[in-house]
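J.: Quick one: the structure is below, questions incoming.
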């Protein structure tokens, strides 16, 4: 947008809009310094000490140190600046970033999803159509190739989950590496401190860091950005001072010529040292992964104008200092700090390390949540810690597991060199996978030439492959830890995904026949008691097996039945206006409906206590819509179990079909009195006294006078209101999944032991869906898969 820059010129709406846009992004850029760049900005604490280990200790001359700085500078320029800032940040999914955002884009544009519950209606979501919809020749041929080889979809999901597991590994190594590196600076000033005492102090800080996670990042987020800014100004000033004071010639090392000299002199030892150099870019993935909280422009501004110059000058200053003081390499950062400012810098370094660790831990929670949405991780408790910032969550079980693993790594390795080997391998693996997914996005989503995608892939894979090979060399010296953790988490994810898929397929192949259901008649051959029965199932179509199991074992069912399916769709967020998908399961006299509640992979299911009311309003809106719109009422067969409608909760609340009132203020001719017995009411009051319920909005519905309304529609709406007044029951299957007797030993091991163990020790579906226990009915079933 162009703005009039002449002095005294009146400000146009365009210039005002441009200024508002820029100021908003500048504010977000400031905030991103504390959330996104905490990890990346603390790398100078340990890069040089980890680079000059092993046989490279024999090469402490000026040319080698200049070459190491040149390597760091060009690595920092090539991967964070060129790859991420200029290219990868453009591959967002409705503003969201990270590995799952790339996978979600591929699932939508190339139909690579493995989730079996996708429907055509999902493609009508506003977030689903993000990006170009046309396909070029290259993407079409690739899509046919993926369609032909179905196992490639599974392989792609495995690659994505492998990257996710490595990110979880980052959540273990980042706190251990950052905190131990910062605390070890004490030994520079206090020579009497032993390694054991420093280790103990680091463990105390780590325990405190994880213990405070339940408070939520938002409570201390306002101090994050100032801490990182002070830290960046400190390291910039120290780097500038060291460059001028010790060796201004270090500026010449910006030339890549020094990289050639470095490898000529060090050979294989120099190649192995790349495992330390790559630590300079750890935390780069956070720029893309945390994109959802900011904008691509704000993250670019922060990196180009603040992070990049500050870190380059700091690395340059450290190299200038080490070229004259090679004996200081083991404590290079703290030795290079001028004496008068040592203690202030030490304090701010420790705080910056904590900030960086905090951001990575929060990102780990987000990754676990997204794996859960894909059906690849057991159900865990997700706590939303901020009313204002949507994406900030806390997962208690994962938090304590991370704490135990971090303490085990810290106490087990006891030195940053070994932790750095593990840390570098985990970070570079994630970047390697991002490059691969990005190449697929260039073909399928951006619709670019296959040669462009191949050039991108080969160029960055060549560079990252060199670093990755150097990291793999150090597998025996600590690099094995992320591999072991990844294998453990991958086994957990595979078992859960395999068991969940088998259970879904069992439900799919054992659906109740609609022919049998229609043969029972509107009464289903049993007594229909007052009330609404919400039957939860993972099926998006058809009637689940638990329904027939219930009907054959109990002689009564509720007058209104709603089959509820809560499912994830491959978009980051689903707006409340598009969340409910309402349809009819049987003809009108049966009073049986279907409701599909859709969530994105970053959505959080909050217990706002208003689900029942929204559901009633949505069904009422559907009933009225069905009677008016011809496509819903064209034939009796179409209304049996066919077309569904997206019902906006906002439009449903504004509809004239039924009106909701606060519980205390009920009036009107056709309002329905509660049919709950006094005994049931007294029992419920005793339960509420012992278990204080979540405060829910108590409402009742009534039907306004409308002479023009179809009598059949009025009767159905009155039945719905009466059923709501009588009470709502939640019906779920309490399933036991077992392998068939004819199954192989491996399948029995996975299902009967692995999947069974995970199901018993994860959160139950009723808890995960915030279903009130007082209204829950569980139907026991055995699934032989």
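Just so it is clear, glycine is given a Cβ too, placed from its N, Cα and C backbone atoms.
Quick paste of what TrEMBL says about this protein:
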type: DOMAIN; residues: 28-517; note: domain 'K+ potassium transporter integral membrane'
type: TRANSMEM; residues: 65-86; note: transmembrane segment
type: TRANSMEM; residues: 154-176; note: transmembrane segment
type: TRANSMEM; residues: 196-213; note: transmembrane segment
type: TRANSMEM; residues: 220-241; note: transmembrane segment
type: TRANSMEM; residues: 271-289; note: transmembrane segment
type: TRANSMEM; residues: 301-321; note: transmembrane segment
type: TRANSMEM; residues: 341-368; note: transmembrane segment
type: TRANSMEM; residues: 389-411; note: transmembrane segment
type: TRANSMEM; residues: 423-444; note: transmembrane segment
type: TRANSMEM; residues: 451-473; note: transmembrane segment
type: TRANSMEM; residues: 479-496; note: transmembrane segment
type: TRANSMEM; residues: 516-536; note: transmembrane segment
type: DOMAIN; residues: 530-783; note: domain 'K+ potassium transporter C-terminal'
J.: Can you work out the mean pLDDT of the predicted model over the domain 'K+ potassium transporter C-terminal' (530-783)?
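T.: A mean pLDDT of 76 is what the model gives the domain 'K+ potassium transporter C-terminal' (530-783).
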J.: So, taking each listed stretch (301-321, 389-411, 451-473, 479-496) in turn and counting its Cβ pairs to the transmembrane segment (196-213) that are under 8 angstroms, which one gives the highest count?
T.: 389-411
J.: If contact means at least 3 Cβ pairs within less than 8 Å, sequence distance 6 or more, would you call the transmembrane segment (271-289) and the transmembrane segment (341-368) in contact?
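T.: With 3 or more qualifying Cβ pairs, these stretches touch.
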J.: Is the transmembrane segment (451-473) close to the transmembrane segment (154-176), in the sense of at least 3 CB pairs under 8 angstroms with a sequence gap of 6 or more?
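T.: They are not in contact.
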J.: Do the transmembrane segment (65-86) and the transmembrane segment (341-368) share at least 3 Cβ pairs closer than 8 Å, excluding pairs fewer than 6 residues apart in sequence?
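T.: No, these stretches are not in contact.
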J.: Give me the stretch from 301-321, 341-368, 423-444, 451-473, 516-536 with the greatest number of Cβ pairs under 8 Å to the transmembrane segment (389-411).
T.: 341-368
J.: What residues elsewhere in the chain lie close to the transmembrane segment (341-368), defined as a C-beta under 8 angstroms and at least 6 residues from its ends?
T.: 34-36, 38-42, 45, 98-100, 164, 167-168, 170-171, 174-175, 178-179, 181-183, 185-186, 188-189, 205, 209-210, 213, 217, 220, 224, 227-228, 230-231, 234, 238, 283, 286, 289-290, 333-334, 377, 380, 382, 391-395, 398-399, 402, 602
